[in-house]
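**Q** Got a structure for you, written out below as structure tokens; questions coming shortly.
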């Protein structure tokens, strides 16, 4: 089996906290130097590389003299602000040894949820790559809260892969890859060498929390691979402890787990809707509606809705759930949650008589709907 990285021209490489820090005691300058050297080698092969790097909070903790990761959001934000300075400085100096310019880009999910800012970020990144610069990206933890509590750079790496239409996402971690079960508890667990990025069984194999320094466990990596596949990007999850792992992957050596994007690449606008807009609520749909959405490519009509969850407004993104609770699709709703409750299970011809008006005959038009 040949590594998909060998034939990939544009890469997003995500490096976790444990691979750039001294077990939380500040940044590991030597390790960062090795990553810079490997990325420089990829550049020499004609590959474009965007680096998503953790480590800012760990570095900030070291500089502030903290030995434990704080729980308070404002303290995490302070650590991120202090640490981001050091992280950028070390990367800049290490890449300079290879005559490579770097650029620091701090993003939040809100940046990518706004269509204009999304396109601006895309334009900037593509320009930097054209100029031969290595963009170094991290979440802007100093101005957000949800990302610190629940976010992770695995997800950010996938979103960046979508943003720049990367060929592959490389997630480097302190684990060998995805196993069929937790190898610490099950001696029969084996490494999954290759699978479809959208395979449902992968989520069952994954799970568990990450380290005390990082935020992402294996499940976040599987979900990141699924997101990256929306833009046609393959994903490799591999151990950053492997010597020269990036160079070996680029040479064709199969290391870790390869998750292949089997589905057709989404149209750019639908990809943006699927991955960058926050879901504000849910509707439960009947089996007939599931079939029409997944097999017929139809719009979602009110008659197929059997339940409404959460509060949402017209124009927001909602998820469509099967009766079993599995997300089938998501899209931009034409009606609010209050309106949807009134028109659910009714044919479109009755919308006006119930509400006094009819905005659209569909709850979600197929042009604004994405299968997941």
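Cβ coordinates are placed from backbone N, Cα and C, and glycine is handled just like the others.
Dumping what Swiss-Prot says about this protein:
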type: BINDING; residues: 14, 173, 174; note: ATP binding site
type: BINDING; residues: 54, 141, 153; note: substrate binding site
type: DOMAIN; residues: 280-358; note: domain 'PUA'
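Give me the lay of the land around each of these features.
**A** Residue 173 (ATP binding site) falls within a strand segment according to DSSP. Sequence-distant neighbours of residue 173 (ATP binding site) (same chain, 6+ residues apart, CB-CB distance under 8 A): 16, 18, 19, 221, 237, 238, 239, 240.
Residue 54 (substrate binding site) carries neither a helix nor a strand DSSP state and counts as coil.
Break the domain 'PUA' (280-358) down by DSSP state and the numbers are 26 helix, 23 strand, 30 coil.
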**Q** If you measure every Cα to Cα distance among 14, 173, 174, the residues said to bind ATP, what is the biggest one in Å?
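**A** Comparing all Cα pairs, the maximum is 12 Å.
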**Q** For the domain 'PUA' (280-358), what is the mean per-residue pLDDT, to the nearest integer?
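**A** That region's mean pLDDT is 95.
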**Q** Expressed to the nearest Å, what is the distance separating residue 174 (ATP binding site) and residue 54 (substrate binding site) at their Cα atoms?
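**A** On Cα coordinates alone, these residues lie 13 Å apart.
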**Q** I want to check the contact list for residue 14 (ATP binding site): same chain, sequence separation of six or more, C-beta distance under 8 angstroms. What comes out?
**A** 51, 52, 53, 153, 154, 156, 157, 169, 170, 171, 172
**Q** Let's check the environment of residue 153 (substrate binding site): how many other CB atoms sit within 10 Å of its CB?
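**A** Result for residue 153 (substrate binding site): 26 other Cβ atoms within 10 Å.
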